[in-house]
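*Asks:* I am attaching a structure below and will ask some questions about it afterwards.
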Amino acid sequence: MINIRKTHPLMKILNDAFIDLPTPSNISSWWNFGSLLGLCLIMQILTGLFLAMHYTPDTSTAFSSVAHICRDVNYGWFIRYLHANGASMFFICLYAHIGRGLYYGSYMFQETWNIGVLLLLTVMATAFVGYVLPWGQMSFWGATVITNLLSAIPYIGTTLVEWIWGGFSVDKATLTRFFAFHFILPFIITALAAVHLLFLHETGSNNPTGIPSNMDMIPFHPYYTIKDILGALFLILALLALTLFAPDLLGDPDNYTPANPLSTPAHIKPEWYFLFAYAILRSIPNKLGGVLALLLSILILIFIPMLQTSKQRSMMFRPFSQLLFWTLIADLLTLTWIGGQPVEHPYIIVGQLASILYFFLILVLMPTVSLIENKLLKW
């Protein structure tokens, strides 16, 4: 009998991607985050779609429409908080996924890695424009501060900012276009994710050892489908716990005050997942320098494959590199903490030191230590 799964043009694509895909037999739970990101994306698109049915992208009614969703729409509060906290889960999975790639040398699949960096930037853009939509105080001032950074670009900066705003300040036109961007970007992310997967399946997955696993592959289904389902259950459990018990834990109380251009909040700060980059931005006293550092803090990921000096792909057997990797994680956590603190002593100097350490670790220390490890192994 002919198996339709292997012959039908559409089923064949799905089969080769999720069922008969040869997968290394030793990949750990750190490889779960790819599928979890897919799950997050689907959840965000679905909850977002239902929110868009009731939301109005107009400065006079946006805040009220979000209140209306929470009060009057059936399970509207649940959909809204699933969407808001779903974004946090998305970024947790995203950072874990990138961390896994850095630790195990997955960045050596350069096409996959570069599409991944592009995906990160697109998700960050989506989260930023989405945060503006409830039109609370932090929405308005966050949009004002972050879009204003573009004015640091020489010559065209001011014109560019006014072009993005659609006027001379963040107003009705800005909110409308941000809603349009927030609606379209997830579909672009979906397309990019498909390309990301396409490139990955050209090479096959990496594994914790970093050694080619062509001679030891197992089918994706049932081994990793069941493992992914377990991961998905944990993710959903965490998301539901957050949404039902502490929906506002990760949010900002200022966003429950309607946007007011005449009153600036005491501390303007983005959502927690952008705080590390915000801390790097603030650590440089010069506007253009800060913007460049902010950009480089993310775009530095593109250069990681070029900074690989070790003759081993993974950090599994490299204790000194492991130490530096976890120092980098600690540094990023420090930056995240600093980003949420007011601009005063001692936070300023701690932020500056953490920012310097971030770039020094990636650009200097890690490549140097990799070379030393090669020497120690007489390679």
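Every residue number used here counts from 1 along the chain in the order it is shown.
Backbone N, Cα and C atoms are what each Cβ position is placed from, and that goes for glycine too.
Below are the features I grabbed from Swiss-Prot:
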BINDING   His83, His182  heme b b562 binding site
BINDING   His97, His196  heme b b566 binding site
BINDING   His201  ubiquinone binding site
TRANSMEM  33-53  transmembrane segment
TRANSMEM  77-98  transmembrane segment
TRANSMEM  113-133  transmembrane segment
TRANSMEM  178-198  transmembrane segment
TRANSMEM  226-246  transmembrane segment
TRANSMEM  288-308  transmembrane segment
TRANSMEM  320-340  transmembrane segment
TRANSMEM  347-367  transmembrane segment
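Have a look at these and tell me how they're positioned relative to everything else.
*Replies:* A sphere of 10 angstroms centred on the C-beta of His182 (heme b b562 binding site) encloses 21 other C-beta atoms.
In sequence order, Thr112, Ile115, Gly116, Leu119 constitute the residues six or more apart from His196 (heme b b566 binding site) in its chain with CB-CB distances below 8 Å.
Under 8 Å, Cβ to Cβ, and six or more positions away along its own chain, His201 (ubiquinone binding site) finds Asp16, Ala17, Leu21.
Among residues of the same chain six or more beyond the transmembrane segment (33-53), those with a C-beta under 8 A of the stretch's C-beta atoms are 69, 79-80, 82-83, 86-87, 89-90, 93-94, 96-97, 100, 182-183, 186-187, 189-190, 193, 228, 231-232, 235, 239.
Long-range Cβ contacts of the transmembrane segment (178-198) within its own chain (Cβ-Cβ under 8 Å, at least 6 residues beyond either end) map to 17, 37-38, 41, 44-45, 48, 52, 55, 57, 112, 115-116, 118-119, 122-123, 125-126, 129-130, 132-133, 143.
Long-range contacts of the transmembrane segment (288-308) within the same chain: residues 98, 102, 105, 107-108, 110, 113-114, 117, 120-121, 124, 149-150, 152-154, 276-278, 280-282, 355, 358-359, 362-363, 366-367, 370, each at least 6 residues beyond the stretch ends and with a Cβ under 8 Å from a Cβ of the stretch.
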*Asks:* What is the separation, in Å, between the Cα atoms of His83 (heme b b562 binding site) and His97 (heme b b566 binding site)?
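*Replies:* With the alpha carbons as reference points, the distance is 21 Å.
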*Asks:* Can you work out which residues elsewhere in the same chain, 6+ from the ends of the transmembrane segment (320-340), have a Cβ less than 8 Å from its Cβ atoms?
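*Replies:* For the transmembrane segment (320-340), the list is 99, 102-103, 269-270, 272, 274-280, 282, 310, 347, 350-351, 354-355, 357-358, 361-362, 365-366, 369-370, 372-373.
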*Asks:* Report, in whole Å, the straight Cα-to-Cα distance of His182 (heme b b562 binding site) from His97 (heme b b566 binding site).
*Replies:* 23
*Asks:* Given a Cβ distance threshold of under 8 angstroms, which distant residues of the chain, six or more beyond its ends, lie next to the transmembrane segment (226-246)?
*Replies:* 29, 32-33, 35-36, 39-40, 43, 78, 81-82, 85-86, 88-89, 93
*Asks:* By a simple count, how many Cβ atoms lie within 10 Å of the Cβ of His83 (heme b b562 binding site), its own Cβ left out?
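*Replies:* Around His83 (heme b b562 binding site), other Cβ atoms within 10 Å: 21.
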*Asks:* Which secondary structure state does DSSP assign to His182 (heme b b562 binding site), in the simple three-class scheme?
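*Replies:* SS state of His182 (heme b b562 binding site) = helix.
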